[in-house]
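Notes for the one structure printed next.
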């Protein structure tokens, strides 16, 4: 079967910004996918759009690529190859349109084969959801902590449904604690649905750890605290800026070690700036047996940067965001290389999301032990609800092992 038509359109993401959605047709069926966008964007990921934004990407697609697609085999690998031959660095189309096209083709491919989307990739496990509880950094605005995300991980959950419910209850409990302890807290939430109080890092961690412990006691399984530091966002001129305090790279590393030890942090994402492979490696050496040291901006779903990370022993876990690299084929390559090095892969949303649930299927298809989707908000819950459906409908799916 071959592609009969393809349509690209502008839609809105969860921040009200324009992004792209693509539909690919076979005649009887169509596959559809949309691309998200990030606020905390790694310097080494592909550009989301060419100059001119979503409208320009669609104009380029219609003018240059649409006719080439018609008659192409219904295969995401074939479509990705076609694009890579003419636009290898994604500068013409941008990463968002190219990844939406790649995912839409893969969805159509699964429909034509009469299988679930995740079955294209061969996986058979459900991930544990990483919940965003308290927000800071560029997602939350003035007065919030410099650290971008205060997270919970239901590492001991026996099922996905219990894990998702646990995250929801940690989120609720944290909101109650913030309301009772901060007089002017309006229960505002940030881009990803995390609470957005004006609070110190230590106060946020206290609320997070207490909420995790209390819900863990109620459920009878372990729920661990985590951080997405997004350190590049407050790094400049060789220093990490925390309000009126600046830390050298060595001081930043020591501060991260203190937080891991004091709060028993299980998940530590982007603790150092995005080019400090050696700084990551130093942290991994100290805490890698008890904590996931997770690379996002360091590796940006890029095979070459992952290879550097592996060579330097910089981390033991990696964020997977398809639109960072712009194609499903390249995403698949990176996650397989990560798996071969025993990295824990974390398939992740972006702060500017859509209702597209593709990453839920990618997490299952690639047997990723973790998925980062947020806890509340329609565009976040879309992924969680799809995983709940898969858990109910696909009895062969078991919870993935989470091994450090």
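Glycine too: its Cβ is placed from the backbone N, Cα and C atoms.
Annotation source TrEMBL lists domain 'Enolase N-terminal' at 3-121.
Among the features that TrEMBL reports, domain 'Enolase C-terminal TIM barrel' is placed at 123-397.
Close to residue 372 (substrate binding site) in the fold, though at least 6 residues off in sequence, lie 129, 130, 132, 319, 346, 347, 348, 349, each with a CB less than 8 Å from its CB. Residues or ranges marked as substrate binding site in TrEMBL: 139, 149, 269, 296, 348, 349, 350, 351, 372.
DSSP classifies residue 350 (substrate binding site) as coil under the three-state reduction. Neighbours of residue 350 (substrate binding site), defined as other CB atoms within 10 A of its CB across all chains, total 28. For 148, 321, 350, 351, 372, the entry in TrEMBL reads (2R)-2-phosphoglycerate binding site.
Here TrEMBL flags 192 as active site, proton donor.
Here TrEMBL flags 228, 269, 296 as Mg(2+) binding site. A strand conformation is recorded for residue 228 (Mg(2+) binding site) in the three-state DSSP classification.
All protein chains included, residue 321 ((2R)-2-phosphoglycerate binding site) registers 23 other Cβ atoms within 10 Å of its own Cβ. Taken from TrEMBL, the feature active site, proton acceptor applies to 321.
With respect to their backbone Cα atoms, residue 228 (Mg(2+) binding site) and residue 192 (active site, proton donor) stand 13 Å from each other. Closest to residue 192 (active site, proton donor) by Cα-Cα distance, out of the binding-site residues 296, 321, 350, is 350.
A 10 Å cutoff on Cβ-Cβ distances gives residue 269 (substrate binding site) a total of 29 other Cβ atoms nearby, all chains included. Note: the domain 'Enolase N-terminal' (3-121) comprises 51 helix, 23 strand, 45 coil (DSSP; helix = H, G, I, strand = E, B). For residue 148 ((2R)-2-phosphoglycerate binding site), the number of other Cβ atoms no farther than 10 Å from its own Cβ, over all displayed protein chains, is 29.
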